[in-house]
Amino acid sequence: MPLTVKCPICKTPVEWAPQSEFKPFCSERCKLIDLGDWASEKHAIPVKSEFDLDALDEFDLDEDAFFKE
């Protein structure tokens with residue numbers, strides 16, 4: 001029995017099988033809607049900042065004198 005999932009866009013059941021051309025989407029239309037959502041940044045993967053913004057004050061980087069010659 002093949003696995004069935006819901007299309008992330010319209011919730012139509014989709015068979016998860018090699019012949020399912022647009023899986024996990026039910027159609028090219030739903031696939032393109034999802035792509036458009038990513039392109040317009042409606043979806044985003046949360047990212048942890050490389051820098052600890054609280055630690056910047058430790059080096060007085062927010063002081064005006066730091067940026068003056």
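Cβ coordinates are placed from backbone N, Cα and C, and glycine is handled just like the others.
What Swiss-Prot records for Cys7, Cys10, Cys26, Cys30 is Zn(2+) binding site, and it gives sequence analysis as the kind of evidence. Contacts of Cys30 (Zn(2+) binding site) defined by a Cβ separation under 8 A and a same-chain sequence distance of 6+ are given as Cys7, Pro8, Ile9, Cys10, Thr12, Phe22, in order along the sequence. Reduced to three states, the DSSP call for Cys30 (Zn(2+) binding site) is helix.
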Other C-beta atoms that fall within 10 angstroms of the C-beta of Cys26 (Zn(2+) binding site): 21
Cβ neighbour count within 10 Å of Cys7 (Zn(2+) binding site): 18
